[in-house]
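Copied over from TrEMBL, here are the features:
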TRANSMEM  25-48  transmembrane segment
TRANSMEM  212-230  transmembrane segment
TRANSMEM  236-258  transmembrane segment
TRANSMEM  286-307  transmembrane segment
TRANSMEM  332-357  transmembrane segment
TRANSMEM  412-437  transmembrane segment
TRANSMEM  457-478  transmembrane segment
TRANSMEM  562-583  transmembrane segment
TRANSMEM  589-611  transmembrane segment
Amino acid sequence: MACFGFDRDAPEVPGQIRVRGCTDIVWLCAFLVLWCLMIFIAVFAFIYGDPLRLINGHDSFGNTCGSSGNPKMGKLSNLDTTDKKFLFYLDPVNIEHSMQICVKQCPDRNILALEDLQDFYNRTESLLCSYNFDLNNFTTDEALYKSNIFTTSLGPCPPFPVYKSHHVLNRCVPEELNNQTLPLIYNIYSMMNDWDFTEEILNDLYKTWPQMLYFTILAFVLTFIIILLIHFLTKIVAYILLIGVSLMVLVNVFLLWWEYFTLKMRLDNTIEAQTLSADACNEHTFLILSILFTLFSVIILLLVLAMRKRLNFLSTLFHESADCLSKLPALYWQPMCTFAVLLGLYAFWTAVILHLATANYPGTRSLKLVTDFVEKNTTTNDSLILEESEKHFMPFINAVEFKDATWVRYMWWVYLIGLIWSSEFILACQHMIISGAVAKWYFTNGKNKKSVVLSSIYNLAFYHLGSIALGSLLIILFKIPRLILTTCHSKSNSTKTDNHCIKKTCTCCTYSFDNFFKYINHNAYTIVSMEGIGFCLAASRAWHVIVGNALRLGSINSIGDFILFLAKCLVTLIIGSLALFTLRSNPELHFHAIPIIIICIFTFFVAHCVISLHEVVIDTLFLCVCEDKNINGEMWHKSPIIKLSKSKKPIVKNSTNTQIVKTNT
């Protein structure tokens, strides 16, 4: 089996190691091209993007509220607004035609005249007028106080009355509910409901990145504790995992339904004018999560119930992997390195996506000058007022508007593909390093323990990165479609309706997938490291080695891997429940469900990269046993696997099942 004609022939003799050369170079080049494109997108995003614009918004002059690095775009731009984190609309009644400015504090009382405006400014140092308007030195001429030329939607000061406000998503919104404020509240909330859904999600991710980092590190610590339990408590660790997962599943089911009903009651008690579409979406999201997780919990609990009688076999399995790792302690550093690389990847990906979401180009939209408004709304006798006004403020001409570039949207897909492929690539590198070290240590009778890990890293870096790139891509591309087809096939068989066409289609597609992609699995990395061949040939050989020896590894993969999967789920459930408790009370988030989901995904990846240490060791040892039998024939039972521990229990072939046999060596 070759991949698109890029693989060379495999060794004809099993176990024969040919002269190593670079494998699957074309796919390494494709992976590097993807990363060159990602770097180009990142440079573009960091130059033009500003994540703070998602959170605090920007004023009519292009200044991002709460930022010190605003670019020069025209008059009143390039200002330091570090202490001005809230966006204030001068005229919420005409919000689309109103000037907006960054302020230090929203009005904490009703402001009815310029005297009140001056008092608020002197007390809080929060200017509710245009930045260049000198409110303290403003003339106290009575004619100016009574004139409306200074209190318009275009500034320099807001029309009166200005109502007492509080900040919602860093926007000043009137606090009191009455006939006068209700239209203003409705306009501001309508504007916030029109925000792009994706930008709202990225807004939440930016606000919660410190919590995401803390929980990711905590996930690594918890996972490493589980690894230590597997190493030192091999006889009871399976019971601990089953009990822990069962309890955390029930706890998380309760938490999700509790959060859903809390959001529903809060939404039902909120008037329509103050209802954000994000709140309704949050409620629906938790309803869907609660239903899906309840179904998942039922399945997990049933599987746990079925597995409780087969734990003695697992204690022996974990003992063998722990004993192997005790002989190769350097492998314990590999998950730490993988975790550090994954953490860097996720941090880089999150930063680029947040900048990319705001990588818009600035434009302008024309607004009427204040002088035009005055000329149309004053008489000739008011010319002195107009002359006096021009001494105190700069005429406002254009409002800066950031416009979306349609082609930027397609960059998101590049980074989504890059995240998935790169994550699998990193995990695949770990898999090959571990499996290569274990395989070489096995076939060298445990000699040169210190050099096998370095040798495995050397072979990966100089020869097999192309195979890693191809394998990580193929496993991702075909794992999800195969899962969907298998699910549809089982569903069609379980229904009693007359749907023969659907059943035949699912059967045909599933059969094709099984026959063509049954070779695509992680065991190929072990064969690549052992024999130095390309990924697809290695995948085919790994599959035939296992099937040819008939060691019935299905039970090992289904039971051992399932228990390790439960260990990953346990870490994810613990971190997920803590994240829910932490983020549910944050009023600045649009959808706190989204950061929780992202945290759980990152947690599962971290748990997988650490716990897969035992998983890879177990799979590699049994693959070595199979290959050893091919090489040594009837003498395979004398292979070095017997020397893994003092009371070695190698697995041998039996006519009906796999059984453990004691030896006297």
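Using the three backbone atoms N, Cα and C, a Cβ is placed for every residue, glycine included.
TrEMBL entries are annotated by machine, without manual review.
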| For the transmembrane segment (589-611): best-contacting stretch of 212-230, 286-307, 332-357, by Cβ pairs under 8 Å | 212-230
| message | Considering only Cβ pairs within less than 8 angstroms, which of the stretches 286-307, 457-478, 562-583 has the most against the transmembrane segment (25-48)? | response | 457-478
| query | Taking 3+ C-beta pairs under 8 angstroms (sequence gap of 6 or more) as contact, is the transmembrane segment (286-307) in contact with the transmembrane segment (562-583)? | reply | yes
| task | Count the CB pairs under 8 A between the transmembrane segment (562-583) and each of 236-258, 332-357, 457-478, then give me the winner. | result | 236-258
| field | Residues of the parent chain within Cβ reach of the transmembrane segment (332-357), under 8 Å, 6 or more residues beyond its termini | value | 38, 41-42, 44-46, 48-51, 54, 198-199, 202, 205-206, 209, 212-213, 216-217, 220, 224, 227, 325, 408, 411-412, 415, 418-419, 422-423, 426-427, 429-430, 433-434, 453, 602, 605-606, 609-610, 612-613
